[in-house]
Amino acid sequence: MKTIRTQTPLRLGLAGGGTDINLYCDKYTGYVLNATISLYIHCTLIKREDGKIIFDSPDTNSYCEYESKEFLGNDGKLDIFKSIYNRIVKDFTKKPLSFSLHTYSDVPSGSGLGGSSTLVVGVIKAFAEWLNLPLGEYEIAKLAYEIEREDLGIVGGAQDQYAATFGGFNFMEFYNNKRVIVNPLRIKNWIASELEARTVLYFTNITREAKDIEEHKKGKLGDEKSLEAMHAIKQDAIKMKEALFRADFGTLAQILGKSWRSKKIISEIVSNDELERIYKLAIDNGAYSGKTSGAGAGGFMFFFVDPTKKYNLIKALRKEQGYVQDFSFTKEGVKSWRI
C-alpha cells in the first residue's frame, strides 16, 4: 500500500436534529431524518518510511509534523487528527505508525452540514482500509462519535457520524447507552429528484462553532418550553418521513417551517437578524419555508420552493453576501480505495 483515499458525504439535516444529543435521547429517545448530498470531505493517507507523522489540512491553513510515537498530545493544532490516531494505535495497532494525512472539504468549516464528524469518519475509514481493520458502518460511526464527543469533549449529537457512514436517506433512532438504529429509506428516484427540484441550498457566509450552540441548547433543556419544542421536533422527523414516502411536498414544506420555529424556541442563538432577513427574502421570492442545516446561527440554509419560482429565488439570493450551492442527493456513504 502506498496511498489510500476516502470520499465522505456531508448531510442535510431534514428533521429531528438536536434530539440525537445524549442529554435528550438518553431519557426520551431521539428521532432524526437526514440525507447525504454530493458535497464531500476528501482524505488521502500515504504510508511513510521515515518515522514521521504529517497532518495537512490546506483548507484550514493547518500543517503539523511530528516524530512517530504511540501517543500525540493535544496542543490546539489539528487535535481532531491526533485523537483519531491515538485511538487507532490504542485500540488496534498497539504500536506507532508513520504516514502523511491530507484532507480538505468542499465547503467551509462551521457550515452546518456535519463537517467535523464527517471528517472523523473519513479518516477512520482511511486507517481501516490501510490496516485492514474489521470495521463496518456501525463500528466506524460509533468510534467516530466516541473520539469527537468523549475523547475530545466536543458537545454534539450522533446523527452526523451515522449519516456519513451509511449514506442516503436515513431515519435514525437514538436510545440511551449510545444505542443507535439506522433505518435506510428506499426513496423512489423520482421523489428524490423532485425534492432536489424544490430545494435551494444557500451558504449564508456566516460560520459558527456548532459546539457553542449545542452547549447553549443543553443548558436550555431544563426549560419546559424548550423541552416541549424538542419533543415537537422529534415528532416532525416521523411526520416528514411519512410525507416523504407519500411524495407530499406541501406537508414537507409545512413541517420544515414548523421545525425552524421550534428550533428557535429551544435556543434564541440559533438565529439572528441576518438569518431572519435572509429567511424573509426567501419567502418574499417564492420559498414556502426553510431552516438552517445543523446547529444553526449561520452556515447553510435550505429552502423549499415551487420549481417554477426557483430561478427567481436563486437570483435574489445571489445578490446577497453568500452563495447558492448546487447539490444532489447521494445514495452512498463513505468510500475508500487504494492506488
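The backbone N, Cα and C atoms fix where each Cβ goes, glycine too.
As annotated by Swiss-Prot, active site, proton acceptor applies to D160, with the evidence given as similarity to another entry. Note: D160 (active site, proton acceptor) has non-local neighbours R11, G114, S116, S117, T118, i.e. same-chain residues 6+ apart with C-beta under 8 A of its own C-beta. Under the three-state DSSP scheme, D160 (active site, proton acceptor) falls in the helix class.
What Swiss-Prot lists as substrate binding site is G17, G18, T19, D20, and the listing cites similarity to another entry. Annotation note: G18 (substrate binding site) sits in a coil segment as assigned by DSSP.
Sequence annotations record features per position, and here Swiss-Prot assigns ATP binding site to S57, G110, S111, G112, L113, G114, G115, S116 based on similarity to another entry. There are 24 other CB atoms within 10 A of the CB of S111 (ATP binding site), with all protein chains counted.
As annotated by Swiss-Prot, Mg(2+) binding site applies to S116, E148, with the evidence given as similarity to another entry. Sequence-distant neighbours of E148 (Mg(2+) binding site) (same chain, 6+ apart, CB under 8 A from its CB) are I80, S83, S116, S117, V120, I154, G156, Q161. According to DSSP, E148 (Mg(2+) binding site) is assigned to a helical segment.
Positions annotated as site 'Transition state stabilizer' by Swiss-Prot, on the basis of similarity to another entry: R11. DSSP assigns R11 (site 'Transition state stabilizer') to a strand segment in the three-state reduction. Within 10 Å of the C-beta of R11 (site 'Transition state stabilizer') we count 30 further C-beta atoms, all protein chains included.
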In three-state DSSP terms, the structure that G115 (ATP binding site) belongs to: helix
Distance [Cα-Cα, Å, rounded] between G17 (substrate binding site) and G110 (ATP binding site): 16
Max CA-CA distance, Å, over listed ATP-binding residues S57, G110, S111, G112, L113, G114, G115, S116: 19
Spatially closest candidate among G18, T19, D20, the listed binding-site residues, to G112 (ATP binding site) (Cα to Cα): G18
Distance, S57 (ATP binding site) to D20 (substrate binding site) (CA atoms, angstrom): 29
